[in-house]
């Protein structure tokens, strides 16, 4: 394995290709973790370098694609030209239960299809008409969110006024989300804006409804926050929480509903999976309603057991005892999976580059299989994400923030990992380099990966990726 000095030299060599000014900026985002440091030593949440290939998305992607889109009983309007909605259509595999087009709308695409005349004369009347049509065609919808695209912000349409008017007319929530793509430096601002709109447009109504109707709570009510049910992840997590005796009142946003969202201020504990995208609303609920929150990790049996114990520690001895029973229940299953796959995967090296939590959360699952992480990085992390990462990585691990296409390729060529785990933009680049690859945004059409049952699928998929006989038929460029 490369040493700290080796990786620092690698970074310097890669940066030497850039012009001096660009190299100086990118140097702040590349580093090597050294044991005992409080963070990973890289800058984050800064504007991408103009002219480079970045894997980041925009604020619209963060709001519509991540936070709001999976809420299944709402109709989410991509307000602007057709392209943004079209290219974000059903890309994340947010599974849900329901009848599409009747009471669930997750895989449908709604757009206001802005034309030149809408830019010139404004799109408020068109938006109002669309909401009327939605109410007529899909009367069982639970509400509407308006996900504004770049032109809406540039021309100054008053989507808030339309939302207030239509909400009064329909008696349903109409939530305007100012997530124009040009705002911020990545999809991360879109997450924040989406959280703020829940705070400002959903919770005030929820507080009133909860006060009028009442809520029959229990001491064991929890909410799953920031699990988008990719390939069924939230379901496999929910099973474990219910097995230890907790009642899951709501899950955001995968397979979630607006009704569940409104019920969340009544829970006893918010369990946050994707910290980066949902910590804002979790902190708000802690401040306003006094609801504590806890980040958990259900990737790999080691972390699952630790997380179950930490969650149970927030409740009474009954829940703590049940947590131990559940951990013991799945122990044999986990040991059999590890016994089957670890001999085939032991010592294999991995480089990751994903989004908001997986560059650290998935590490324990790899380690449970005897695999070694030699490089990891985030697309849109903030400083606190890199601080949280220190507990997952080993000394001399290469760390890269908002890594460019060129940098990532050069790092991989030099470090020669056995497996690259990143996104769809990187997948075919590295497969053409004859490197095993797993798409870690949507599990390469597999999953779930959360929970004990998910770990079995994860182990199988890593084995299939690394030990497929096809790799013996093609060579990597550096071996020619």
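Any Cβ shown, glycine's included, is placed from N, Cα and C.
Here Swiss-Prot has 58, 84 binding [8Fe-7S] cluster, and the candidate from 150, 274 in that same listed site is 150.
When Cα-Cα distances from residue 441 ([7Fe-Mo-9S-C-homocitryl] cluster binding site) are compared across the binding-site residues 58, 84, 150, the shortest belongs to 58. The [8Fe-7S] cluster site is defined by 58, 84, 150, and by the 8 Å test on Cβ atoms against their centroid, the other residues of the chain that qualify are 59, 60, 61, 80, 149, 180, 181, 182.
DSSP assigns residue 274 ([7Fe-Mo-9S-C-homocitryl] cluster binding site) to coil in the three-state reduction, outside any helix or strand. The secondary structure of residue 150 ([8Fe-7S] cluster binding site), as reduced to three states from DSSP, is helical. Of all Cβ atoms in the shown protein chains, 24 besides its own fall within 10 Å of the Cβ of residue 58 ([8Fe-7S] cluster binding site). The Cβ of residue 150 ([8Fe-7S] cluster binding site) has 19 other Cβ atoms within 10 Å, all protein chains considered.
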